[in-house]
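Contents: one structure, followed by commentary.
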Amino acid sequence: MLNKDMLHTLLNQLWRVVAGPALLICIPLFLTPVEQGYWYTFTSIAALAVFADLGFSTIILQFTAHEFAHLSFAENGTICGDVKALWRLASFFHFCLSWLGKAIGIVFPAIVIGGWLFLQMKDDGIAWHGAWLLYSVMSAWSFFNVAMLSFFEGCNSVARVQKIRMILVIINSGTMLAGLYSEMGLWALACGMLLSALAGTGLLWRNFCVAAQQLWKTAARYRYDWWPEFSGLIWRYAVSWGSGYFIFQLFVPLAFAFFGADYAGKTGMSIAAWTAGFNISFAWITAVIPRINMLIEMKNWQELDDLFVKRCTAVLATMALGGSAFFVLYFIFDDISFFQRVLPLTSMVILFLCWLCQAWVNSIAVYLRGHKEEPLMKLSAFSAVYVAVTTFFCARYLAEDWLFAGFFSSYLWGIPLIYRIYAKFKVRHGVIK
(Lines of atoms letter the chains of each structure in order from A and count residues from 1; the text may use other names and numbers.)
(Lines give C-alpha, C1' and ligand atoms only; values in the text may rest on other atoms or scores of the structure.)
Protein backbone atom coordinates (compact mmCIF):
# COMPACT_ATOMS: atom_id res chain seq x y z
CA MET A 1 0.00 0.00 0.00
CA LEU A 2 2.93 2.37 0.70
CA ASN A 3 4.13 3.32 -2.80
CA LYS A 4 5.87 6.55 -3.83
CA ASP A 5 2.59 8.47 -4.20
CA MET A 6 1.43 7.36 -0.78
CA LEU A 7 4.82 8.12 0.79
CA HIS A 8 4.84 11.73 -0.40
CA THR A 9 1.20 12.17 0.56
CA LEU A 10 1.92 10.87 4.06
CA LEU A 11 5.01 13.06 4.37
CA ASN A 12 2.84 16.04 3.46
CA GLN A 13 0.28 15.12 6.07
CA LEU A 14 2.93 14.22 8.66
CA TRP A 15 4.33 17.72 8.40
CA ARG A 16 0.83 18.92 9.12
CA VAL A 17 0.95 16.68 12.21
CA VAL A 18 3.96 18.71 13.37
CA ALA A 19 2.91 22.15 12.14
CA GLY A 20 -0.77 21.88 13.07
CA PRO A 21 -0.25 21.20 16.78
CA ALA A 22 2.62 23.72 16.86
CA LEU A 23 0.27 26.40 15.57
CA LEU A 24 -2.48 25.26 17.90
CA ILE A 25 -0.05 25.66 20.81
CA CYS A 26 1.45 28.98 19.67
CA ILE A 27 -1.83 30.71 18.88
CA PRO A 28 -3.00 30.78 22.53
CA LEU A 29 0.54 31.64 23.67
CA PHE A 30 1.04 34.67 21.40
CA LEU A 31 -2.50 35.86 20.66
CA THR A 32 -5.13 37.16 23.02
CA PRO A 33 -8.45 35.27 23.08
CA VAL A 34 -10.01 38.07 20.99
CA GLU A 35 -7.17 37.99 18.43
CA GLN A 36 -7.58 34.21 18.25
CA GLY A 37 -11.22 34.75 17.38
CA TYR A 38 -10.31 37.11 14.53
CA TRP A 39 -7.65 34.65 13.31
CA TYR A 40 -10.16 31.85 12.81
CA THR A 41 -12.85 34.20 11.54
CA PHE A 42 -10.39 35.33 8.83
CA THR A 43 -9.91 31.74 7.69
CA SER A 44 -13.63 30.96 7.73
CA ILE A 45 -14.53 34.01 5.65
CA ALA A 46 -11.70 33.33 3.21
CA ALA A 47 -13.09 29.81 2.84
CA LEU A 48 -15.85 31.47 0.81
CA ALA A 49 -13.38 30.78 -2.00
CA VAL A 50 -15.42 27.60 -2.30
CA PHE A 51 -17.77 29.72 -4.42
CA ALA A 52 -14.92 30.35 -6.85
CA ASP A 53 -13.99 26.67 -6.83
CA LEU A 54 -17.47 25.12 -6.83
CA GLY A 55 -15.81 21.72 -7.14
CA PHE A 56 -13.72 22.85 -10.10
CA SER A 57 -10.42 21.63 -8.60
CA THR A 58 -11.88 18.15 -8.25
CA ILE A 59 -13.25 18.20 -11.80
CA ILE A 60 -9.81 19.27 -13.02
CA LEU A 61 -8.17 16.29 -11.33
CA GLN A 62 -10.82 13.85 -12.57
CA PHE A 63 -10.85 15.01 -16.18
CA THR A 64 -7.06 15.15 -16.49
CA ALA A 65 -6.73 11.70 -14.92
CA HIS A 66 -9.20 10.26 -17.45
CA GLU A 67 -7.28 11.81 -20.38
CA PHE A 68 -3.86 10.98 -18.94
CA ALA A 69 -4.74 7.28 -18.75
CA HIS A 70 -3.41 7.16 -22.34
CA LEU A 71 -0.44 9.51 -21.81
CA SER A 72 2.83 9.76 -19.88
CA PHE A 73 5.68 12.17 -19.15
CA ALA A 74 8.89 11.89 -21.17
CA GLU A 75 12.26 12.42 -19.48
CA ASN A 76 12.49 15.98 -20.83
CA GLY A 77 9.19 16.93 -19.14
CA THR A 78 6.99 16.85 -22.24
CA ILE A 79 3.80 14.79 -22.43
CA CYS A 80 3.72 11.93 -24.93
CA GLY A 81 1.34 9.15 -25.94
CA ASP A 82 -2.00 9.03 -27.73
CA VAL A 83 -2.23 12.13 -29.94
CA LYS A 84 -5.98 12.55 -29.56
CA ALA A 85 -5.73 12.35 -25.76
CA LEU A 86 -2.94 14.95 -25.82
CA TRP A 87 -5.05 17.31 -27.91
CA ARG A 88 -7.98 16.91 -25.55
CA LEU A 89 -5.75 17.45 -22.50
CA ALA A 90 -4.26 20.60 -24.05
CA SER A 91 -7.65 22.06 -24.85
CA PHE A 92 -8.81 21.29 -21.31
CA PHE A 93 -5.73 23.09 -19.94
CA HIS A 94 -6.73 26.20 -21.91
CA PHE A 95 -10.33 25.83 -20.72
CA CYS A 96 -9.15 25.64 -17.09
CA LEU A 97 -7.13 28.85 -17.34
CA SER A 98 -10.07 30.70 -18.86
CA TRP A 99 -12.49 29.46 -16.21
CA LEU A 100 -10.10 30.31 -13.35
CA GLY A 101 -9.66 33.88 -14.57
CA LYS A 102 -13.40 34.47 -14.57
CA ALA A 103 -14.03 32.76 -11.22
CA ILE A 104 -11.27 34.66 -9.42
CA GLY A 105 -12.33 37.99 -10.93
CA ILE A 106 -15.92 37.58 -9.75
CA VAL A 107 -15.72 35.85 -6.36
CA PHE A 108 -12.63 37.21 -4.61
CA PRO A 109 -13.51 40.93 -4.78
CA ALA A 110 -16.78 39.98 -3.07
CA ILE A 111 -14.87 38.06 -0.38
CA VAL A 112 -12.52 40.99 0.30
CA ILE A 113 -15.34 43.56 0.57
CA GLY A 114 -17.86 41.27 2.28
CA GLY A 115 -15.30 40.12 4.84
CA TRP A 116 -14.40 43.72 5.61
CA LEU A 117 -18.04 44.60 6.28
CA PHE A 118 -18.62 41.48 8.42
CA LEU A 119 -15.53 42.05 10.57
CA GLN A 120 -16.64 45.63 11.25
CA MET A 121 -19.64 44.24 13.15
CA LYS A 122 -17.49 43.91 16.28
CA ASP A 123 -15.53 46.78 17.79
CA ASP A 124 -12.93 44.94 19.85
CA GLY A 125 -10.06 47.36 19.38
CA ILE A 126 -8.18 44.94 17.08
CA ALA A 127 -6.20 46.39 14.14
CA TRP A 128 -7.28 43.81 11.59
CA HIS A 129 -7.80 45.91 8.44
CA GLY A 130 -4.42 45.69 6.69
CA ALA A 131 -3.90 42.05 7.62
CA TRP A 132 -7.31 41.15 6.20
CA LEU A 133 -6.63 42.91 2.90
CA LEU A 134 -3.29 41.14 2.39
CA TYR A 135 -4.61 37.75 3.51
CA SER A 136 -7.75 37.84 1.36
CA VAL A 137 -5.97 39.07 -1.79
CA MET A 138 -3.22 36.45 -1.45
CA SER A 139 -5.94 33.82 -0.99
CA ALA A 140 -6.96 34.48 -4.60
CA TRP A 141 -3.40 33.91 -5.80
CA SER A 142 -3.12 30.70 -3.78
CA PHE A 143 -6.44 29.55 -5.20
CA PHE A 144 -4.98 29.70 -8.71
CA ASN A 145 -1.93 27.70 -7.59
CA VAL A 146 -4.09 25.03 -5.98
CA ALA A 147 -6.17 24.61 -9.13
CA MET A 148 -3.07 24.20 -11.30
CA LEU A 149 -1.61 21.68 -8.86
CA SER A 150 -4.83 19.67 -9.16
CA PHE A 151 -4.44 19.68 -12.95
CA PHE A 152 -0.94 18.23 -12.86
CA GLU A 153 -1.77 15.86 -10.01
CA GLY A 154 -4.37 14.35 -12.32
CA CYS A 155 -1.53 13.83 -14.83
CA ASN A 156 -0.33 10.92 -12.68
CA SER A 157 2.03 13.24 -10.77
CA VAL A 158 0.78 12.64 -7.24
CA ALA A 159 4.25 12.32 -5.71
CA ARG A 160 5.59 15.53 -7.29
CA VAL A 161 2.49 17.54 -6.46
CA GLN A 162 2.36 16.29 -2.88
CA LYS A 163 6.02 17.23 -2.49
CA ILE A 164 5.20 20.76 -3.70
CA ARG A 165 2.25 20.95 -1.35
CA MET A 166 4.45 19.86 1.55
CA ILE A 167 6.97 22.62 0.75
CA LEU A 168 4.17 25.19 0.60
CA VAL A 169 2.74 24.02 3.92
CA ILE A 170 6.21 24.26 5.47
CA ILE A 171 6.62 27.81 4.15
CA ASN A 172 3.13 28.87 5.24
CA SER A 173 3.21 27.30 8.69
CA GLY A 174 6.85 28.27 9.28
CA THR A 175 6.08 31.90 8.44
CA MET A 176 3.04 31.90 10.71
CA LEU A 177 5.01 30.38 13.60
CA ALA A 178 7.85 32.88 13.14
CA GLY A 179 5.34 35.70 12.89
CA LEU A 180 3.53 34.63 16.03
CA TYR A 181 6.82 34.36 17.93
CA SER A 182 7.75 37.85 16.69
CA GLU A 183 4.41 39.15 18.00
CA MET A 184 3.13 40.10 14.54
CA GLY A 185 -0.40 39.09 15.52
CA LEU A 186 -2.81 38.73 12.60
CA TRP A 187 -0.05 39.78 10.18
CA ALA A 188 1.56 36.37 10.77
CA LEU A 189 -1.44 34.75 9.06
CA ALA A 190 -1.32 37.23 6.16
CA CYS A 191 2.45 36.92 5.60
CA GLY A 192 2.21 33.13 5.60
CA MET A 193 -0.32 33.33 2.79
CA LEU A 194 1.82 35.84 0.87
CA LEU A 195 5.01 33.76 0.91
CA SER A 196 3.26 30.47 0.14
CA ALA A 197 1.50 32.07 -2.84
CA LEU A 198 4.81 33.34 -4.24
CA ALA A 199 6.50 29.99 -3.66
CA GLY A 200 3.59 28.07 -5.17
CA THR A 201 3.87 29.87 -8.49
CA GLY A 202 7.63 29.40 -8.54
CA LEU A 203 7.44 25.66 -7.82
CA LEU A 204 4.72 25.14 -10.41
CA TRP A 205 6.89 26.80 -13.05
CA ARG A 206 9.99 24.88 -12.01
CA ASN A 207 8.29 21.48 -12.16
CA PHE A 208 5.77 21.80 -14.98
CA CYS A 209 6.81 24.72 -17.20
CA VAL A 210 7.78 22.43 -20.11
CA ALA A 211 4.46 20.58 -20.02
CA ALA A 212 2.50 23.82 -19.53
CA GLN A 213 4.14 25.46 -22.54
CA GLN A 214 3.55 22.33 -24.64
CA LEU A 215 -0.13 22.24 -23.68
CA TRP A 216 -0.58 25.96 -24.35
CA LYS A 217 0.96 25.71 -27.83
CA THR A 218 -1.02 22.56 -28.65
CA ALA A 219 -4.26 24.20 -27.52
CA ALA A 220 -3.64 27.01 -30.03
CA ARG A 221 -3.88 24.44 -32.86
CA TYR A 222 -6.66 22.27 -31.47
CA ARG A 223 -9.77 23.17 -29.49
CA TYR A 224 -12.34 20.84 -28.01
CA ASP A 225 -15.65 22.10 -26.68
CA TRP A 226 -15.52 21.04 -23.03
CA TRP A 227 -18.57 23.03 -22.02
CA PRO A 228 -21.26 20.35 -22.65
CA GLU A 229 -19.34 17.74 -20.64
CA PHE A 230 -18.14 20.24 -18.04
CA SER A 231 -21.46 22.00 -17.53
CA GLY A 232 -23.17 18.70 -16.83
CA LEU A 233 -21.03 18.35 -13.71
CA ILE A 234 -20.12 21.85 -12.55
CA TRP A 235 -23.60 22.93 -11.47
CA ARG A 236 -24.00 19.72 -9.48
CA TYR A 237 -20.58 20.17 -7.93
CA ALA A 238 -21.40 23.83 -7.29
CA VAL A 239 -24.38 22.81 -5.19
CA SER A 240 -22.31 20.24 -3.27
CA TRP A 241 -19.32 22.54 -2.71
CA GLY A 242 -21.46 25.53 -1.80
CA SER A 243 -23.33 23.28 0.60
CA GLY A 244 -20.01 22.19 2.06
CA TYR A 245 -19.21 25.76 3.08
CA PHE A 246 -22.38 26.01 5.12
CA ILE A 247 -21.75 22.62 6.68
CA PHE A 248 -18.08 23.15 7.62
CA GLN A 249 -17.39 26.90 7.74
CA LEU A 250 -20.56 28.22 9.34
CA PHE A 251 -19.67 27.43 12.95
CA VAL A 252 -16.95 30.03 13.59
CA PRO A 253 -18.91 33.00 12.16
CA LEU A 254 -22.01 31.92 14.12
CA ALA A 255 -19.95 31.53 17.29
CA PHE A 256 -18.45 34.97 16.60
CA ALA A 257 -21.91 36.49 16.18
CA PHE A 258 -23.67 34.77 19.13
CA PHE A 259 -20.92 34.13 21.70
CA GLY A 260 -18.16 36.63 20.84
CA ALA A 261 -14.60 36.46 19.53
CA ASP A 262 -13.30 34.45 22.52
CA TYR A 263 -15.67 31.53 21.96
CA ALA A 264 -15.21 31.79 18.19
CA GLY A 265 -11.49 31.29 18.77
CA LYS A 266 -12.12 28.13 20.79
CA THR A 267 -14.48 26.88 18.10
CA GLY A 268 -11.95 27.55 15.36
CA MET A 269 -9.10 25.88 17.23
CA SER A 270 -11.22 22.79 17.98
CA ILE A 271 -12.28 22.45 14.34
CA ALA A 272 -8.64 22.95 13.27
CA ALA A 273 -7.52 20.13 15.56
CA TRP A 274 -10.00 17.62 14.12
CA THR A 275 -9.41 18.87 10.58
CA ALA A 276 -5.70 18.08 11.02
CA GLY A 277 -6.57 14.55 12.12
CA PHE A 278 -8.97 14.18 9.21
CA ASN A 279 -6.38 15.34 6.66
CA ILE A 280 -3.81 12.89 7.97
CA SER A 281 -6.28 10.01 7.86
CA PHE A 282 -7.58 10.92 4.41
CA ALA A 283 -4.07 10.68 2.94
CA TRP A 284 -4.84 6.99 2.33
CA ILE A 285 -7.48 8.08 -0.21
CA THR A 286 -5.79 11.24 -1.50
CA ALA A 287 -2.78 9.26 -2.72
CA VAL A 288 -4.89 7.06 -5.00
CA ILE A 289 -7.46 9.53 -6.40
CA PRO A 290 -5.82 9.60 -9.86
CA ARG A 291 -5.54 5.80 -9.76
CA ILE A 292 -9.25 5.48 -8.90
CA ASN A 293 -10.18 7.67 -11.87
CA MET A 294 -7.90 5.70 -14.21
CA LEU A 295 -9.37 2.36 -13.09
CA ILE A 296 -12.85 3.74 -13.78
CA GLU A 297 -11.71 4.90 -17.23
CA MET A 298 -10.37 1.37 -17.91
CA LYS A 299 -13.51 -0.23 -16.37
CA ASN A 300 -11.40 -2.41 -14.09
CA TRP A 301 -14.15 -2.70 -11.50
CA GLN A 302 -12.79 -5.48 -9.30
CA GLU A 303 -9.40 -3.82 -8.79
CA LEU A 304 -11.19 -0.51 -8.23
CA ASP A 305 -13.40 -1.85 -5.48
CA ASP A 306 -10.61 -3.86 -3.81
CA LEU A 307 -8.41 -0.75 -3.72
CA PHE A 308 -11.20 1.48 -2.43
CA VAL A 309 -12.31 -0.82 0.40
CA LYS A 310 -8.74 -1.20 1.68
CA ARG A 311 -8.08 2.53 1.60
CA CYS A 312 -11.41 3.49 3.16
CA THR A 313 -10.81 1.04 6.02
CA ALA A 314 -7.36 2.55 6.57
CA VAL A 315 -8.86 6.06 6.68
CA LEU A 316 -11.39 5.15 9.38
CA ALA A 317 -8.87 3.16 11.44
CA THR A 318 -6.36 6.02 11.39
CA MET A 319 -9.00 8.58 12.36
CA ALA A 320 -10.28 6.41 15.22
CA LEU A 321 -6.78 5.79 16.61
CA GLY A 322 -5.89 9.47 16.35
CA GLY A 323 -9.09 10.50 18.10
CA SER A 324 -8.51 8.03 20.92
CA ALA A 325 -4.98 9.37 21.42
CA PHE A 326 -6.27 12.94 21.50
CA PHE A 327 -8.76 12.23 24.28
CA VAL A 328 -6.13 10.42 26.35
CA LEU A 329 -3.98 13.56 26.16
CA TYR A 330 -7.04 15.72 26.83
CA PHE A 331 -7.62 13.98 30.17
CA ILE A 332 -3.94 13.84 31.19
CA PHE A 333 -2.96 17.41 30.26
CA ASP A 334 -6.24 19.25 30.67
CA ASP A 335 -4.56 22.10 32.55
CA ILE A 336 -2.13 23.20 29.80
CA SER A 337 -2.89 26.28 27.70
CA PHE A 338 -3.83 24.43 24.51
CA PHE A 339 -6.62 22.43 26.13
CA GLN A 340 -7.83 25.56 27.89
CA ARG A 341 -8.31 27.20 24.47
CA VAL A 342 -10.39 24.43 22.87
CA LEU A 343 -14.03 23.63 23.51
CA PRO A 344 -15.27 21.62 26.50
CA LEU A 345 -15.31 17.81 26.40
CA THR A 346 -18.94 17.45 25.25
CA SER A 347 -18.36 19.60 22.19
CA MET A 348 -15.05 17.90 21.40
CA VAL A 349 -16.63 14.43 21.48
CA ILE A 350 -19.47 15.53 19.20
CA LEU A 351 -16.98 17.13 16.80
CA PHE A 352 -14.83 13.99 16.72
CA LEU A 353 -17.82 11.80 15.87
CA CYS A 354 -18.77 14.25 13.11
CA TRP A 355 -15.31 14.15 11.55
CA LEU A 356 -15.15 10.35 11.82
CA CYS A 357 -18.42 10.13 9.92
CA GLN A 358 -17.20 12.72 7.43
CA ALA A 359 -14.07 10.66 6.73
CA TRP A 360 -16.33 7.86 5.49
CA VAL A 361 -18.57 10.26 3.55
CA ASN A 362 -15.62 11.92 1.79
CA SER A 363 -14.18 8.53 0.85
CA ILE A 364 -17.47 7.50 -0.73
CA ALA A 365 -17.69 10.87 -2.51
CA VAL A 366 -14.27 10.33 -4.15
CA TYR A 367 -15.41 6.90 -5.37
CA LEU A 368 -18.69 8.20 -6.79
CA ARG A 369 -17.30 11.36 -8.38
CA GLY A 370 -14.61 9.35 -10.12
CA HIS A 371 -17.40 8.26 -12.48
CA LYS A 372 -17.84 11.91 -13.57
CA GLU A 373 -21.15 11.98 -11.74
CA GLU A 374 -22.42 13.86 -8.70
CA PRO A 375 -25.13 11.68 -7.14
CA LEU A 376 -24.74 13.41 -3.75
CA MET A 377 -25.83 16.83 -5.00
CA LYS A 378 -29.40 16.86 -3.66
CA LEU A 379 -28.36 15.26 -0.39
CA SER A 380 -25.55 17.82 0.05
CA ALA A 381 -27.91 20.73 -0.58
CA PHE A 382 -30.49 19.44 1.88
CA SER A 383 -27.77 18.72 4.46
CA ALA A 384 -26.46 22.28 4.14
CA VAL A 385 -29.87 23.78 4.79
CA TYR A 386 -30.50 21.33 7.62
CA VAL A 387 -27.14 21.99 9.32
CA ALA A 388 -27.40 25.77 8.86
CA VAL A 389 -30.91 25.93 10.35
CA THR A 390 -30.28 23.50 13.22
CA THR A 391 -26.96 25.16 14.10
CA PHE A 392 -28.60 28.58 14.16
CA PHE A 393 -31.25 27.33 16.58
CA CYS A 394 -28.65 25.48 18.68
CA ALA A 395 -26.61 28.69 18.96
CA ARG A 396 -29.65 30.77 19.81
CA TYR A 397 -31.54 28.51 22.22
CA LEU A 398 -29.16 25.85 23.61
CA ALA A 399 -26.07 25.96 25.77
CA GLU A 400 -22.74 26.57 24.03
CA ASP A 401 -21.70 22.91 24.39
CA TRP A 402 -24.42 21.85 21.94
CA LEU A 403 -23.45 24.09 19.03
CA PHE A 404 -22.64 21.02 16.89
CA ALA A 405 -25.69 18.92 17.81
CA GLY A 406 -27.45 19.67 14.52
CA PHE A 407 -24.27 18.86 12.59
CA PHE A 408 -24.00 15.44 14.22
CA SER A 409 -27.69 14.63 13.75
CA SER A 410 -27.30 15.13 9.98
CA TYR A 411 -25.15 12.00 9.82
CA LEU A 412 -27.77 9.86 11.55
CA TRP A 413 -30.05 10.09 8.52
CA GLY A 414 -27.41 10.97 5.89
CA ILE A 415 -25.10 7.95 6.15
CA PRO A 416 -27.78 5.31 5.36
CA LEU A 417 -28.84 7.29 2.28
CA ILE A 418 -25.25 7.67 1.06
CA TYR A 419 -24.55 3.97 1.54
CA ARG A 420 -27.60 3.13 -0.54
CA ILE A 421 -26.24 5.24 -3.42
CA TYR A 422 -22.80 3.62 -3.07
CA ALA A 423 -24.34 0.13 -3.15
CA LYS A 424 -26.12 0.94 -6.43
CA PHE A 425 -22.77 1.74 -8.06
CA LYS A 426 -21.32 -1.57 -6.87
CA VAL A 427 -24.30 -3.38 -8.36
CA ARG A 428 -23.73 -1.51 -11.63
CA HIS A 429 -20.13 -2.79 -11.65
CA GLY A 430 -21.25 -6.35 -10.98
CA VAL A 431 -19.21 -6.47 -7.77
CA ILE A 432 -22.33 -7.19 -5.72
CA LYS A 433 -25.72 -8.41 -6.90
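The first residue you see is number 1, and the count goes up from there.
Even glycines carry a Cβ here, placed using N, Cα and C.
Here TrEMBL flags 14-31, 37-61, 92-119, 131-152, 164-181, 187-212, 233-259, 271-292, 313-333, 345-367, 379-398, 404-423 as transmembrane segment.
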Checklist entry - Per the 3+ Cβ pairs under 8 Å rule, pairs at least 6 apart in sequence, do the transmembrane segment (345-367) and the transmembrane segment (271-292) touch? => result yes
Checklist entry - Between the transmembrane segment (187-212) and the transmembrane segment (131-152), do 3 or more CB pairs sit under 8 angstroms, pairs being 6 or more residues apart? => result yes
Item to check | Interface check, the transmembrane segment (187-212) with the transmembrane segment (164-181), three or more C-beta pairs under 8 A | outcome: yes
Checklist entry - Sequence-remote contacts (6 or more beyond its ends) of the transmembrane segment (313-333), Cβ cut-off under 8 Å? => result 1, 273, 277-278, 280-282, 284-285, 339, 345, 348-349, 352, 355-356, 359-360, 363
Checklist outcome for this item: Within the same chain, the residues 6 or more beyond the ends of the transmembrane segment (164-181) and with Cβ under 8 Å of it are 8, 11-12, 15-16, 19-20, 22-23, 26-27, 29-31, 145, 149, 187-189, 191-193, 195-196, 199-200, 203-204, 207
